[in-house]
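Per TrEMBL, repeat 'PPR' is recorded for 109-139, 140-174, 241-275, 276-310, 311-345, 412-446, 447-481, 483-517, 584-618.
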Amino acid sequence: MESLMIPCKSSPLVPIPSEFSPKPIKPSLPLHKTHQPFPAKTPDFFHLSHLLQIGRVGEAITVLDSIAQNGCKLRTDTFNRLLECCIRVNSVRFGRELHARLHLVDEVNPFVETKLVSMYAKCGCLDDARKVFDEMSERNLFTWSAMIGAYSWKRRWRDVVGLFRLMMRDGVLPDGFLLPKILQACGNCGDYETGRLIHSLVVRKGWSSRRRVSNALLTVYAKCGRLSLARRFFEDMDERNMVSWNLMILGCCHIGENDEAHKLFDMMCEEGIEPELITWNILVAGYNQSGDCDAAMKLMKKMGNFGVTPDVFTWTSMISGLAQNNRIDEALELFREMLSIGVQPNGVTIGSAIAACASFKSLKKGKAFHSFAVKIGLSDNVLVGNAIIDMYSKCGELEAAHEVFNQISEKDIYTWNSMIGGYCQHGYFGKAYDLFMKLQQSEVQPNVVTCNLMISGFVQNGDEDQAMDLFQKMGKRGIVKPDTSSWNSLISGYLHIGQKNRALGVFRHMQSLGYRPNLVTILAILPACANLIAVNKVKEIHACLLHQGLDSQIAILNALIDTYAKSGNIVYSRWVFDQMMSKNVITWNSLMAGYVLHGCSGEALDAFDQMKREEYTPTRGTLLNLILAYSRAKMFEKGKQVFHCMTTDYQITPGTEHYSAMVDLFGRSGKVKDAIEFIECMELEPDAAVWEALLTASRCHGNVALTIHACEHLLKLNPANSMASHLATQAQSLDGRSVNPLKEKSSQGHKDTRKDCGCSLLEFRNMVYVFVSGDHSPGLKSVYNWLQSLAVNIKPSVSNTMLGIHEEEEEEICGVHSEKLALEYGFDLTLLVESLFFNGCLTLLNALQGNLLVRSLLDNHLQKRASANECCDVPRLSVVMLSSLIAGFHGSSYTVKPAELVKGKAQSYRIMNHVRRRLD
């Protein structure tokens, strides 16, 4: 039974001696000067407090110094009261002065040091607080609570978890009041293991019955995606309140299980618990985040039946959800409706809507929200201002963004980051650097995001030394420390400039230093492997995922399916798909796209049928893959039916990608003339993909007129398209037309055309070597000599007049093709091409029995080595067809240093001899 302390009144007429005012005694003359404690209730103390409250910190410091000069000591409670004043008026300056005069305190104990930690933390100086904390010789539970509370206040969840582990190591156990903060941190940073450790501690200490602790444990399991454990724990709880139900519903929505959340909502109502407004808001936000805005809208309209009125947060969630799902017109209409019923939008409402406009680069709608923000006086709101800057930056309106930036009086770090990020995104790195230097001279300190933006910008600007210098300084400055996102910035920078091998090297190096890759890292690095078509590297990353425990995230598994398929291994894609415990529509789309890429139209159609049986709703990507599958299977009527049913059956408006797929369907079905009529009737403006599909179809069927027509439109869209220019020139020559206008474009010099010459990739000893057409490095001289000697004994074949390609002329312009260079060093070749390949060339490499993988960027199709019995007579091929699978120009890439390959020259000659024997 807790004891009660009953206060008693004292008579104001009776003077009570104070501990700060000792009894007057007859003074004696000491031999040495002694320091008397400075009383807390002297006029000097109240004078100090008053000076702090009115902001006259300098005078307060002078008074403090005068006290010290008089030989007085500060009592502990006086010092603590002064620290409280610093917290109240947010004066970290005077707090530092007090800290510097800690020696004036008559007794420095853990309580005083804990107060110092609290002062620094509440004044926003967490690093100073941590320094005092680390230097303490003795720490008690209150000290740990102060530091953990400070990190929690700043949402530095991983630091909270780290302190908890240090706390346990020091033998200090948290109490029932501190545990919920630690558990909250575990849930927010996804640290399931620490949460489980705390659960065992709770059971041992008998704290399971404490509702706050139980709800915090439930939060950990729910936010870490352990829904089954959360459900079991929820059902075993002795007492469930509204918070418990809300946490369980929030956990389901957090991992996208909105239907399960709705079932819990219904169960709560059945048990007689009336859902509160926050419960409705959780469900509405959950459906909006998963893209099901219609279900969210139904819930919002249903709230009135339960006597609950939507508040500004409900409207904000609904408007933001519609805008983020590209239903911006509906979002604006809902915004008007909110205003008409008298709900005043807040900064979050405007900021969310503008952020959604920024995501879809909808400048017109973004300007409308900006005007409204000015009208209602929210333009000065820092959240709204940051969103406006970000919107203008992403839409390329950097001058407007900078104008808004200058108008914000109190800029925070997000304001600076939005502007710096906008400059970096659009290549104005000089302005970004100038802004970065101004930031360091301001009162706002750069954070890790700022440094990451600059690191990525340095790399993209070609200044790798500056990037690495900033990266190394991050840990030394004490302001920010590099984290996984910093490594992600390095990786993204290298990927942006096409240095995929360097990006993979950084990926390995970060792990060797103990940094764990996260979702962003993996989703960035996997497409790099797909572009390199390096299946061994994909396997390496897959193994890393298993080791790091990231293989349960559905976004990563979807990316793995896609990457394995693009790297030429559809079997592994299917294996990953079959191993997945839960799937979404993106999973099915990735599998279908992989099958289409490999020409497995039957398997793609089977996957679609299975997807419908499991009641997944097809998306734009699903229908695109379905049309392409019917195109590969040459099932024209069914593909056409899917296209015409998109609007009526699925409420999806066809995009240019669907029109491009339809042109491909026309071409593969032999209806090239119908394809041009289809393009002329398009409701949208045809883009390059549509004309490239027509170009592919017309060349396959030998239609020179349509080839010229497609090339002309491609050149209108991109005059620098050397492939279209060259093909149009040759097609006009075949058609007997004048070639002077296009000849002028295609003969601007080999310098312009060579930059589009292609590459062949050779994966050897965990490295991807890239051979570029026309490379005249000294180390490749022997290869050219061998190819020239081989040309003497090979009969030339007739040019592929159906495609309008004269191979010898192509070789003269583009240089010796990259496949010939790579062929000397190995037979496992990967070719990236931007046009159709020669069937005869493919047959030759089949005769050499190499493992060949061809990806045509125009044809969107992978072709592997055919069987040996499909090969034709090798000697009838021309020298240009020796290993050239490409009719036009190839995709550009970087050139590997030949010296790295020439080291294995003995192996190269062995391969050359093997080739000669095969040709003989």
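Every residue, even glycine, has its Cβ placed from backbone N, Cα and C.
Since this is a predicted model, take the numbers as computed values, not measurements.
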Would you mind listing the long-range same-chain contacts of the repeat 'PPR' (584-618), meaning Cβ under 8 Å and 6+ residues beyond its ends?
256, 554-555, 557-559, 561-562, 564-566, 570, 573-574, 577, 625-626, 628-633, 650, 860-863
Over the repeat 'PPR' (241-275), work out the mean pLDDT and round it to an integer.
85
Could you count the residues of the repeat 'PPR' (447-481) that DSSP puts in helix, in strand and in coil?
27 helix, 0 strand, 8 coil
Secondary structure tally of the repeat 'PPR' (140-174) (DSSP, helix then strand then coil):
26 helix, 0 strand, 9 coil
